[in-house]
Amino acid sequence: PGTQSRALAMLLLCLAGVAQGHQSNAVAVFCSHIFKRNRDLTKAWRGKTEQLLRVDEHDFTMRPAFGGPAIPVGVDVQVESLDSISEVDMDFTMTLYLRHYWKDERLSFPSTNNKSMTFDGRLVKKIWVPDVFFVHSKRSFIHDTTTDNIMLRVFPDGHVLYSMRVTVTAMCNMDFSHFPLDSQTCSLELESYAYTDEDLMLYWKNGNESLKTDEKISLSQFLIQKFHTTSRLAFYSSTGWYNRLYINFTLRRHIFFFLLQTYFPATLMVMLSWVSFWIDRRAVPARVSLGITTVLTMSTIITGVNASMPRVSYIKAVDIYLWVSFVFVFLSVLEYAAVNYLTTVQERKERKLRERFSCSCGIPHSKTMMLDGNYSESDANSLAGYTRNQMAAEEEKPEKMVVHLAMSNESNSSRKRGLKGHVGLRIIQNTHAIDKYSRLIFPGTYIFFNLIYWSVFS
């Protein structure tokens with residue numbers, strides 16, 4: 001009681017000093033402390049917030065204007081970041097600021113300066129807020145560092161702004177038929193979970209201006225071409241019609257990475273397989289090892305590309321390029337197999353001819369040379385003058401080489417007709433000709449394929 005009487009006396013002294021216009025320094029400091037403490041409106045206002053908004057006087061389990069027309073709820077979104085795009089899982093991850101605007105007259109309060117009041121997430125649990133969710137969402141959460149990233153702003157006339165920071169991972173149906181020369185369009189869909197269009201009407205608050213993006217948004221594999229908004233009604237057979245909002249964005253894939261990692265290596269492997277056309281056909285280890293190496297390398301490239309892609313049931317653009325390149329490499333191996341086989345057949349025929357004409361027609365000291373399939377018509381004509389009588393006359397010259405032709409004693413004209421009849425078979429019999437034509441056919445066909453491929457898919 002003594003302390004209270006002294007405090008009351010000091011308070012009366014302060015009031016008396018204020019009334020008379022003079023007071024001591026000690027009393028002035030004490031009075032200033034008392035008035036400053038009494039003007040701590042924050043502590044006084046905090047205890048009256050719920051009373052000012054009349055939260056306890058209303059049932060906020062029901063929507064505003066319950067039983068009347070649908071309550072309009074405006075929405076706008078600011079995209080903070082587009083975190084990742086996954087081709088394997090066919091989804092994307094986005095962080096955004098989601099804001100709702102509506103009017104709830106139950107939250108109106110008297111105000112002389114018409115200023116709003118801002119609250120954190122603790123008041124959200126006590127009032128009605130729209131039950132918007134993300135359709136086709138796989139994972140989503142509201143950021144809670146250092147506190148829940150939720151803001152509630154109430155205006156004197158009952159208008160409410162409800163904002164939250166959300167990260168959501170949603171499904172995106174991608175079409176990889178033109179991969180990696182493709183463009184993908186993904187959508188993030190918002191919808192009320194409980195309220196149909198008869199109770200809640202979702203709409204974009206400012207049309208296309210309701211969606212804003214950060215200029216620093218970028219992705220490693222994609223170029224963001226555009227963001228835009230749409231809306232339409234969604235029907236569920238069990239519950240009815242709902243307003244659904246769409247955030248659409250179009251992505252264009254960067255091709256340079258795939259040029260370095262896929263297209264250039266595949267093209268180089270095809271070109272490397274053509275080197276075997278310039279290697280001697282008798283160098284079997286060199287040509288076989290080169291062909292097998294290029295085939296295995298192409299198989300590795302195809303496996304690596306498919307490992308990072310979903311197992312779709314249709315053909316992708318990169319599959320066409322890689323498999324055509326693989327066919328070219330494989331055909332170069334088959335080309336040498338054909339060359340080697342025809343060479344073996346030709347040598348077998350030459351061996352039979354040597355066995356048939358092993359006798360040198362009575363010339364014991366002569367040397368015999370058989371012509372293979374590479375002789376020309378001029379060579380045959382130059383040897384056409386040799387007859388069996390002339391060959392017999394050469395018995396007196398044991399050291400001179402005699403050439404025996406596997407021809408009958410026909411006239412020169414008949415020999416020429418026989419040679420001309422075999423011109424059509426020389427391309428097959430002459431294994432060098434197969435390699436020579438392959439040097440032109442393989443590169444020309446592959447270049448033609450590239451022209452068609454890039455003109456169609458780019």
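Using the three backbone atoms N, Cα and C, a Cβ is placed for every residue, glycine included.
Caution: TrEMBL annotation is automatic and unverified by curators.
A quick note: this is a predicted structure, and the numbers were derived from the prediction, not measured.
Per TrEMBL, the range carrying the annotation transmembrane segment out of 162-182, 288-308 is 288-308. Mean predicted confidence for the domain 'Neurotransmitter-gated ion-channel ligand-binding' (55-254): the pLDDT average there is 91. Outside the transmembrane segment (440-457) by six or more residues, the chain places 178, 181, 270, 274, 277, 317, 320-321, 324, 328, 331-332 with a CB less than 8 A from a CB of the stretch.
Taking Cβ pairs closer than 8 Å, the transmembrane segment (288-308) reaches residues 87-88, 262, 265-266, 269-270, 272-273, 275-276, 279, 318-319, 322-323, 325-326, 329-330, 332-333, 336 in its own chain, all 6 or more past its ends.
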